[in-house]
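Enquirer: Please see the structure below; I have some questions.
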Amino acid sequence: MSMEEGGTKSIKEKNVDLSEYLIDRLKQLEEEYVRLKNLYKRLEDEKRFVETERIRYEREVRRLRSEIERLRSPPLIVGVISDVLEDGKVVVKSSTGPKFVVHTSQNINPEDLKPGARVSMNQQTLAIISVLPPPKDPSVYGFEIYDKPDVSYSDIGGLNKQIEEIREAVELPLLKPKLFEEVGIEPPKGVLLYGPPGTGKTLLAKAVANQTKATFIRVVGSEFVQKYIGEGARLVREVFQLAKEKAPSIIFIDELDAIAARRTSSDTSGDREVQRTLMQLLSEMDGFDNRGDVKIVGATNRIDILDPAILRPGRFDRIIEVPLPNYEGRVQIFKIHTRKMKLADDVDFRELAEMTEGASGADIKAIATEAGMFAIRNEKTIVSREDFIKAIEKIMKKDKKLPEIKGVMFI
Ligand SMILES: Nc1ncnc2c1ncn2[C@@H]1O[C@H](COP(=O)(O)OP(=O)(O)OP(=O)(O)O)[C@@H](O)[C@H]1O
């Protein structure tokens, strides 16, 4: 009897155990379900994120591919249409001389194809790629023109001697031409600024233009000879023409070395193109009156490779060195580029200047901007000494990282 009782109990107990077990198991499964559901949601989110990242990278790859394509594409030749034939072909005179019968791109509106129109052509097939705007439009050549640049002498740090020299050579003749006549001397025609990159050469030229209310025309030497083959000499002519029309004006030729490097023995068509451009520049400089109100300021990082012809009297006859700033200069440049920043009391320009031996004005500007960025990253609006120190480390390290390759200047 007792056995039987005991047996029934155990069956009951077993049932209780089983139902407890099942409830437990159910709970576990429910929890597992919730966990998997969350995991699924997280994976879905991650999938979406990865998907958008993929699309972003694909877009970036496409952009870089087209950039590579663009950089690889050969320069175009400039020509002038002499006749439009009935079959849609066109007779063009290339800027290097001979005439050709060529095809045109389908993207060109046939109405734009008129005799006299300037066009760009593929180097190999000479097919017309586009019709260029009329030559008088200075933007065609990428000339930068400012009626009155907004840079003043007070924006330039550590170049007092250079400012004095450029004022004497460019500003005085523009503002007081009579003075030179009375004394009976010819004012300098052109001034050459030379020195390492980012030291303020462009800034100096802009400040003189501002002070004399002259139009500032900036052209880049390498663009004269690289953008449109066979056009360098004509571009030089056009810049001088434009400068005369906009007088008083200052022509600032950046990267002068690209068109005025000493002649080498090689005789490629590229060299001949550079030669023609330089000849045109020399003849323009010789041809105009130095008492006039057009002044030329050239800039180069490589005075050592310039053709001596360009430095002869009556051409670039004042040469001004624009070196890397010394300690005092760096203090001043730090002051200039932090004028609009809110600085903590622990920022000491003297200390910063000591830490930035060898930095250019452009480097110091970059340090100030970077210090501001560090402050923003830490959600501060006041920039502290620590932000500057981090910025100096970052910018000065970047400078040092540049590879050293003999004979090559990194600009
Ligand atoms: N002496 C300086 N005082 C204040 N700012 C300077 C000075 N030098 C350079 N900078 C800053 O660096 C920037 C670049 O300088 P700038 O274009 O005048 O150099 P550059 O000598 O013409 O260089 P590059 O040879 O590369 O053309 C300027 O916009 C300016 O903000």
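From the backbone N, Cα and C atoms, a Cβ is placed for every residue, glycine too.
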Enquirer: Please find, within the list 19-67, 68-116, 313-361, the residue stretch that TrEMBL describes as coiled coil.
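Expert: So the range that TrEMBL calls coiled coil is 19-67.
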Enquirer: Where does T199 (ATP binding site) sit in the DSSP three-state scheme?
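Expert: In three-state terms, T199 (ATP binding site) counts as coil.
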Enquirer: Tally every other Cβ atom lying within 10 Å of the Cβ atom of G200 (ATP binding site).
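Expert: Taking every protein chain into account, the count is 26.
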Enquirer: Any idea of the Cα spread of the ATP site, G198, T199, G200, K201, T202, L203, H337, as a max distance in Å?
Expert: 17
